[in-house]
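Trainee: Below you will find the structure I want to go over with you.
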Amino acid sequence: INSKTHCDPRLTNSLLVPDRHPAMPLTWFPVSRLLWVRVAAVLFTCTAFSVAAHGAVLPHGGMADWCIFCWAFSFACSLLVLLVEQCSLQPRIPVSWSNFPITVACYASLLCLSASIIFPVFFLKNQTVYGEVRDHRIASTVFSCLATVAYMVEVSLSKARPGEVAGYMATAPGLMKVCQTFVACVIFILVSDPVSYDRHAALKWCMAVYCICFILSMAVVVLCVGECTGCLPIPFSKFLSAYGLLAVIMYLTATILWPVFQFDEKYGRRGDSKRLIAVAVLTALNFLLYLADLAYSARLVFVSG
């Protein structure tokens, strides 16, 4: 810079002062596939329950309220996750953020899946509704299916990969805990209206199996999400193995006893056979889930330990 340059303040400012108007970024938050999947899930669930509540003319109570609850609960929890992550409020939330979002996504996928099956069966099939009412019910079903797909994609993107350090709920055993509790909730709904477990002591035992295993599985989910696994008097991995073995044995007895005492004529078969068959199938499904969970937990203790 020559002497003339030093004498000209305008030229000096243009050389030394950086540009006061840099190019603004296109977005103010980080963009990722997981973000867009969550946004899609929020929009789909919001549309599903809004359309159903606005023009589907649904009856009060029963399966209609269940479907609305599935969509509204999933929407509220997903919106909470979205806002917390975009505002970087994770340190202020009193839960384990490595476990909470995927737990919400897994429960939401199961809830929306159940609503996607129940809603058309109860409110479209064999229903004498036409015009806008039928169109609203079809639209709710479509957006419920889209929300289910979005949540399944979110779970797939969030789950732990081999060799990756992640929260327990992002692993296969953690996701199976969510499935176990959800299946148990469906069983509770099927056996409670009408009550179908009060005729024999064996059926009451089956109900006790469903309740005890549900409580323990839900306790594991709460402990992981609340970061309270260190409060247990024994190592968490050994607790999982012991509880998994107990649950497998209990569900094995229920898988055998429920169909025997419900469908054998000498024990006084009665009730809605479709519901009883569904309970038998779901009991066997939960037995397989607990068996697979036990295999993972045993591997965690005896191989990793």
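Quick reminder: no glycine exception, Cβ is built from N, Cα and C everywhere.
Feature list, courtesy of TrEMBL:
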DOMAIN    29-163  domain 'MARVEL'
DOMAIN    168-302  domain 'MARVEL'
TRANSMEM  35-57  transmembrane segment
TRANSMEM  63-84  transmembrane segment
TRANSMEM  104-124  transmembrane segment
TRANSMEM  136-153  transmembrane segment
TRANSMEM  165-190  transmembrane segment
TRANSMEM  202-228  transmembrane segment
TRANSMEM  240-261  transmembrane segment
TRANSMEM  276-296  transmembrane segment
Trainee: How about long-range neighbours of the transmembrane segment (136-153): same chain, 6 or more residues beyond its ends, C-beta under 8 Å?
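Mentor: Those are 37-38, 40-41, 44-45, 47-49, 51-52, 54-57, 67, 70-71, 74, 105-106, 108-109, 112-113, 115-116, 119-120, 123-124, 127, 129, in sequence order.
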Trainee: Looking only at residues six or more beyond either end of the transmembrane segment (276-296), which have a C-beta under 8 A from one in the stretch?
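Mentor: Sequence-remote neighbours of the transmembrane segment (276-296) are 171-173, 176-177, 179-180, 183-184, 186-187, 190-191, 196, 206, 210, 213, 241, 244-245, 247-248, 251-252, 254-255, 258-259, 262-263.
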Trainee: Could you pull the average pLDDT for the domain 'MARVEL' (168-302)?
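Mentor: Mean model confidence (pLDDT) across the domain 'MARVEL' (168-302) is 88.
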